Amino acid sequence: MVKTTSDFQKMKSSREPIVMVTSYDAPGASLCEEAEVDTILVGDSLGMVVLGYESTVPVTIDDMVHHTKAVKRGARNTFIVTDMPFMTYHASLQETMAGARRLMQESGADALKLEGSGEVFVHTKALVDAGVPVVSHLGLTPQTVGVDGGYKVKGKSAAEQEQLLKDAKQAEKAGAFMLVLECVPEEAAKKVQASISIPVIGIGAGRYTDGQVLVYHDITGYYAGHTAKFVKQYTNISEPVQRALKEFKQEVKAGIFPAEEHVFQPLDKHVKLYGDK
Ligand SMILES: Nc1nc(=O)c2c([nH]1)NC[C@@H]1CN(c3ccc(C(=O)N[C@@H](CCC(=O)O)C(=O)O)cc3)CN21
Ligand SMILES: CC(C)C(=O)C(=O)O
Ligand SMILES: [Mg+2]
C-alpha cells in the first residue's frame, strides 16, 4: 500500500533507512515499485537525464505533470514526490498554489519538493497550510546552478554549516515532512540529521542521513552525461542495449531478421500469393 508521511517519520524513529529512487516514466516506475523502494522522486533531473537539456532550468510544470502521470500509472502503490521546477514557487503565492494544485490534482503526486531556503519557506508554509505535503531540498540546489557558478559541494566552511543547520530547522518549522540534502560533507549532514526530527534523505551527503536517494539512470548506467562522485553505478544497461541495437541493425542488413518465426501466414497455407511460384 502507499506509504504516508507518518510512515517516513516512523522509519526515522526506528532507524530504518529510507530508500528513494527517481523515475520519469511508467516502465521505470514499475521496476522501482517491484524493487519495493520506499518512495519515488519524479525529479526535475528529468530535464538532464531524459529530455537532453544541459541543466534542470528549462523544465516546466507541464513537463512535471506529464511525467508524474506516467510514473503514477507505472507505480500505483508507491509514494510519489514530484519536484516543483525552476521559478514556479517564487513569483507569488498565487502562482505557487496554481502549480501545486495541478501537480497534486492532475498528476498523482503525493508530495512536492522545493529547493532552497529564505523566502521559499514562506511558500512551503503556505502549501502545507493548504494541505500539500512538502519536501525541502537544501545543500547543492541544482536549480540555482547559474548563480552558484556550477555544481559545488555546500557546507564546507563552518559558516556554511551553521547556515545549513539554521535552514534545516526552518524547513522543519515551515512544515516540511522530509528534507533532501545534496552534496554536503558527511559531518554537516550528520549534524543536520541529529538536529531535526523530520527524516533527512541524502545524495552525496554521506552515511549518517535517514535515507538515500539516487537518480535511476545513474544506478543503472543509462545516462551518457557527467557522473558525480556520490554515484554508485550498480549495473551498466547502456552496454547490452547498445549491443542489441547493433545486432538488430546487422541482422536486418544481412537479411537474417525477420526469420520464419516472426512472420504471419494466411489461414490457408496453400493460398497462392502474388509472386509465389
Ligand atoms: N544524472 C544525474 N544525476 C544527478 O544526481 C543529478 C542530475 N543528473 N541532474 C540534476 C542534479 C544535478 N546534480 C549534480 C550534478 C553535478 C554534480 C557534481 O558534478 N558534483 C561534483 C562536486 C564538485 C565539488 O567538489 O564541489 C562531483 O565531483 O561530484 C553534483 C550534483 C544532481 N542531480
Ligand atoms: C537529485 C534529486 C534529489 C533531485 O532533485 C532530482 O532528481 O531532480
Ligand atoms: Mg531535483
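Backbone N, Cα and C define each Cβ position, glycine as well.
Keep in mind that TrEMBL annotations are predicted by a computer and have not been checked by a curator.
For the 3-methyl-2-oxobutanoate site, TrEMBL records ASP44, SER45, ASP83, and the single candidate of LYS10, LYS12, LYS113 listed with them is LYS113. Each residue contributes its Cα atom, and for ASP44 (Mg(2+) binding site) and GLU182 (active site, proton acceptor) those atoms are 14 Å apart. For the 3-methyl-2-oxobutanoate site, whose binding residues are given in the record as ASP44, SER45, ASP83, LYS113, the maximum C-alpha distance rounds to 13 Å. Taking the centroid of the Cβ atoms of ASP44, ASP83, GLU115 as the Mg(2+) site, the other same-chain residues with Cβ within 8 Å of it are GLY43, SER45, THR56, VAL59, MET84, PRO85, PHE86, LYS113, LEU114, HIS137, PRO142, GLN143.
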